[in-house]
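These features come from TrEMBL:
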- B:20-40: transmembrane segment (TRANSMEM)
- B:52-73: transmembrane segment (TRANSMEM)
- B:101-121: transmembrane segment (TRANSMEM)
- B:133-153: transmembrane segment (TRANSMEM)
- B:158-177: transmembrane segment (TRANSMEM)
- B:183-202: transmembrane segment (TRANSMEM)
- B:209-228: transmembrane segment (TRANSMEM)
- B:275-293: transmembrane segment (TRANSMEM)
- B:327-350: transmembrane segment (TRANSMEM)
- B:362-389: transmembrane segment (TRANSMEM)
- B:401-420: transmembrane segment (TRANSMEM)
Amino acid sequence: MMDTNSPDTATATLLSVQNLTMRFGGLTAIDDLSLDVPAGSITGIIGPNGAGKTTLFNCLTGFYKPTTGSLRLDHPTHGEMRLEALPSHRVARDAQVVRTFQNIRLFPKMTVLENLIVAQHNVLQRASRFSIAGLFSLPGYRQAEKEAIERAATWLQRLRLEHLADHAAGELPYGIQRRIEIARALCVDPVLLCLDEPAAGLNPRESAELNALLLYLCRELGIAILLIEHDMSVVMNVSDHIGVISYGRKIAEGTPEQVKNDPQVIKAYLGEDDEDAENSGNAVTEGAAA
Amino acid sequence: MSTVVFARHAMTPAERLRDAGWVAFVGLILGIPLVGLTTVDVGGRLAVGTRFGLLAAAVATVFAGRLLLHWALDQARNRKLARARASTATAADRAHGAQKAVMLLGWVALGASVALPIFYSDNRYVVDTATTVLIYVMLGWGLNVVVGLAGLLDLGYVAFYAVGAYSYALLSTQLGWSFWEALPVSGALAAGFGILLGYPILRLRGDYLAIVTLGFGEIIRVILVNWTEFSGGPNGISSIPRPSFFGLEFARSAPEGGQTFAGFFGLDFSPMHRLIFLYYLILVLALLTHAFVSRLRKLPVGRAWEALREDEIACRAMGMNTTNIKLSAFAIGAMLGGFAGVFFAARQGFISPESFTFTESAIILAIVVLGGMGSQMGVVLAATLLVLIPEFGRNFAEYRMLLFGAAMVLIMVWKPGGLLSHREPTVRLNPLGKPAAAKEAA
């Protein structure tokens, strides 16, 4: 089910963003950005509000067509794919790059289980053979539906949501909706999972659970994760690699330690002078949390 | 309007009086032209007369009625609150109860509709009205796919009804096709028109979508009115053949080499035979539609429709091709409308563009919305109400449509989500009826 990348391939590049520029009229949201996302690891993207992080995700997942630049994905089975040329549904279906949203986008009136089954639409639709096999409930379709339910149940169990399976997704608490959105994205069988502020609105205990989940997905299942996050307790603890964006440009890149102490980063977050580098480690944490 | 409120909180008596006063004032303003002024015949000429006594009575009735309405609503709310406090039922139990009630309602409705012609076998009016109800039920189920499930507001649904009706009318009168031959072809044609409409509006949503579909409905009607050589223009198409019962005609005398229904079964000829046959025909068509749509709802395509209604962007992020999903909803909704149109043409024997005006679209849409978007049983209830209210209203002559409108307003105030707004999930991890076991497992 999952494409498990063995640890020794962890250094290979899964996604390579090259000279990406996105303009909206006169506004340049992303300016000549280049970034590599290694396979089998967690890459954090941080930056002040309005830096272009979500725009990057929108370009990556086909919701925006980049003005210039390329997005190359080294897909484990399909080989090299150019994401900028694919419409959004094919990015998720064929390239298996799946995202979540900053403002949760579940199907609120449908149950949690239905949300997870809708995410497996393409597999099921194929099995239902233009709905004909489905209409007559032929064995092939019944089997596919059973597997889809089992798969959804597995993810629900892993994310400790199975007791909520039959509740309407929109009626559940915020933190749980965030988990459901991740579970739903996982049902699409992602090669690269793009999470847009998954810790927003979570309390410290939920954030800690999120950390554990992200590490499990990456280390045990080999899913590469691209993570936009403001909560430094999450980003700094789980990321193998962090890219910092400000005003659409990449201003720093490196391990959490390197980024934490980078004067450029501190300046972008706090607008302070470089002399104050002494308490920089804390400054980033506090500045971002504020 | 802030003074007239459907208050959820308890109102003080002073607020009550003020509220009723405002409503009475609105009644007065509306009442002056409606009730207060009247035309009288003075020696062959029309003159304006006044009926201020009647107007005062009407306004007083409105005032008292408003107070009474609030009193009744209070009573109902108190009882509901008391019930809610008393009951310890969980959400799952309530869902189970709601589902059971809807199922029961469905079986009762089915039993009643099967038995109806047996009890009213010589009442032409009842059978005719019931047939009309069933046509609207079928149209409602068709539109439910587009509006209720896929969430695409379609104000021109009657266009597909017209395509179906005219397809059958032309195929049968021009090419001599029988009802059963024309039925699938007309349905396919309507589906084709559904896709035709679907393409240009893929990128539109909400209000814009509604306007374009409205335009499409009008285009079809205007073409039918003006393309006289093709559709007979405003004169329509007449003497459309009626469906036969496996080749047996419903006629007093047999056609050449054929047999009549009455003759074959050794019955005395009665014009009611055909009406009852048509009634059962639309009943079967409607039930097939119901089975088809209910099944589709539980298939990937149906879930995709509902997901599309909930959040189109999330659908795309899950790798779903929203173009295909929208087109399939339009095509299937249009096909069902087309089937209903074929039946309509065969039942009436005569069709003209007048049967396919915007009002029809509006009524079908009202059936779906009043019934509760996406609810199959809700459509049945709403269609029955919307057909029967104007029928009962015939006694009230010119106030008929006023009554109709008032009923619609009342339903929406009383049940903003529609008559049946409960949504039954397409699949459950822990089936209902054994929640205890499910809880232990969890």
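Cβ atoms here come from the backbone N, Cα and C positions, even for glycine.
TrEMBL labels come from automatic prediction, so no person has curated them.
By number of Cβ pairs under 8 Å, the transmembrane segment (B:327-350) is matched best by B:275-293 from the list B:52-73, B:275-293, B:401-420.
Most Cβ pairs under 8 Å to the transmembrane segment (B:275-293), among the stretches B:133-153, B:362-389, B:401-420, belong to B:133-153. Counting Cβ pairs closer than 8 Å to the transmembrane segment (B:133-153), the top stretch among B:52-73, B:183-202, B:209-228, B:362-389, B:401-420 is B:362-389. Among B:52-73, B:158-177, B:183-202, B:158-177 has the largest number of CB pairs under 8 A with the transmembrane segment (B:209-228). Note on the transmembrane segment (B:52-73): residues 11, 16-17, 19-21, 23-24, 27-28, 31-32, 35-36 of its chain, located 6 or more positions outside it, place their CB under 8 angstroms from a CB of the stretch.
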